[in-house]
C-alpha cells in the first residue's frame with residue numbers, strides 16, 4: 001500500500017495530486033485515508049493542496065460535453081446548518097432564465113439531504129439523469145451530474161467520509177471536479193476565512209468567471225443573516241468584497257428561517273418555492289441566483305439578477321422546467 005505524506009506539513013500541488021491519485025486508485029488503506037483527511041482538515045488545507053486533489057479527481061472522472069457558457073452552482077457542504085437545498089433551487093431558477101446549468105452534486109455526506117437526495121424525492125430518476133446528462137443539458141438547459149456515477153473512484157471513499165461525519169478536503173474538491181468542465185461557477189464554502197484560499201485554487205485550475213462565497217456564520221452560500229465574504233475570480237485575478245442582502249434589495253433573516261429536514265421535507269419546500277411561496281427560502285434563492293446570473297453575464301448587478309430570478313419563478317418557468325426534467329427522465 002502507498003504511504004501518504006505527513007498532513008501536518010503543507011504539500012505542493014504535485015504532491016497533493018499524487019497523494020489523492022493513490023487514494024482514489026485504492027492504493028491506500030482506509031485507516032490511513034481517514035487519518036490523512038482529518039490531519040489536513042485540522043491543519044487547514046491550502047490552495048495548492050485543494051487544486052492538486054481536484055486535478056487527481058478530474059483525471060478519473062467520466063466527463064460530458066457541455067456548452068462553453070455552462071455554469072455550476074454548488075456548496076461544499078459540511079457547514080452544520082442543515083439548511084434547505086438552496087443551490088439546487090438556484091440551479092433550476094437560473095436554468096429557467098436561459099443559462100445552461102450543469103449541476104454537480106451527490107447524496108448527503110454529513111447532512112440529512114444532499115442535492116441528489118432532494119431531487120430524487122422530487123421524482124427525478126438519478127440513474128437516467130446520469131445516463132442522459134448531455135442530452136438533457138442540450139434539450140432542457142439543465143442536467144444533474146450525480147457524483148456517484150461520474151466519479152466511480154469515489155465509491156470507496158464515501159463510507160470513510162460518512163464514518164468521519166465531518167467536513168474534509170473532499171467537500172472542497174467536489175465543486176472543482178465538475179464532469180462538464182464548467183468555466184463559470186458559484187461555489188459556497190463553509191468557512192469565510194477560506195474564501196481567498198479557495199479562490200486561489202480555482203485560479204490555479206482555470207476559470208472564465210467564478211464567485212467563491214461564504215456567509216459570516218459559516219454558511220456555504222450567500223446568507224441573508226448579514227455579511228458575506230465574496231471572492232471574484234476573473235481575467236487571472238482575484239478581487240475580494242463584502243456583500244449583504246441589502247445590496248440585492250432583500251431583507252435580512254436568520255439562518256434558522258431556512259433550516260431544512262430530510263429529503264422529503266426539503267423537496268416539499270422546494271416545490272412550494274417554485275409554485276410561488278414567499279419567505280426567507282425564496283429570498284435566499286433569489287440572492288444566490290442573482291450571483292449566478294452575474295457570473296453568467298445575464299445580469300449586470302444584484303438588483304437585476306434578483307428581478308430576473310423572481311420573474312423565472314413567478315411566471316412558472318422554473319417549476320415547468322422541473323416538471324419537464326422529471327418527465328424526460330421517466
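Here the Cβ of each residue, glycine as well, is placed from N, Cα and C on the backbone.
For the recorded site, residue 75 (anthranilate 1 binding site), the DSSP three-state label reads strand. Long-range Cβ proximity for residue 75 (anthranilate 1 binding site), meaning a same-chain Cβ under 8 A and a gap of 6 or more residues, is found for 86, 87, 175, 187, 188, 189, 190, 220, 221. Marked as anthranilate 1 binding site by Swiss-Prot: 75, 106.
DSSP gives residue 106 (anthranilate 1 binding site) a coil state; it is part of no helix or strand. Taking Cβ-Cβ distances under 8 Å and a sequence gap of 6 or more within the same chain, the neighbours of residue 106 (anthranilate 1 binding site) are 114, 115, 116, 146, 147, 148, 174. The 5-phospho-alpha-D-ribose 1-diphosphate binding site feature in Swiss-Prot is assigned to 75, 78-79, 83, 85-88, 103-111, 115; the stated evidence is sequence analysis.
Mapped onto three states, the DSSP output places residue 87 (5-phospho-alpha-D-ribose 1-diphosphate binding site) in helix. Feature annotation from Swiss-Prot assigns Mg(2+) 1 binding site to 87, 221.
Taken from Swiss-Prot, the feature anthranilate 2 binding site covers 161, and the record attributes it to sequence analysis. All protein chains considered, the CB of residue 161 (anthranilate 2 binding site) has 21 other CB atoms within 10 Å.
Residue 221 (Mg(2+) 1 binding site): 31 other CB atoms within 10 A of its CB, across all protein chains. The Mg(2+) 2 binding site annotation in Swiss-Prot covers 220, 221.
In sequence order, 72, 74, 145, 147, 150, 174, 175, 177, 178, 179, 180 are the residues near residue 104 (5-phospho-alpha-D-ribose 1-diphosphate binding site), counting only same-chain partners six or more apart with C-beta under 8 A.
Taking only the Cα positions, the spacing between residue 83 (5-phospho-alpha-D-ribose 1-diphosphate binding site) and residue 161 (anthranilate 2 binding site) is 20 angstrom. The local packing around residue 83 (5-phospho-alpha-D-ribose 1-diphosphate binding site), expressed as other Cβ atoms within 10 Å of its Cβ over all shown chains, amounts to 24.
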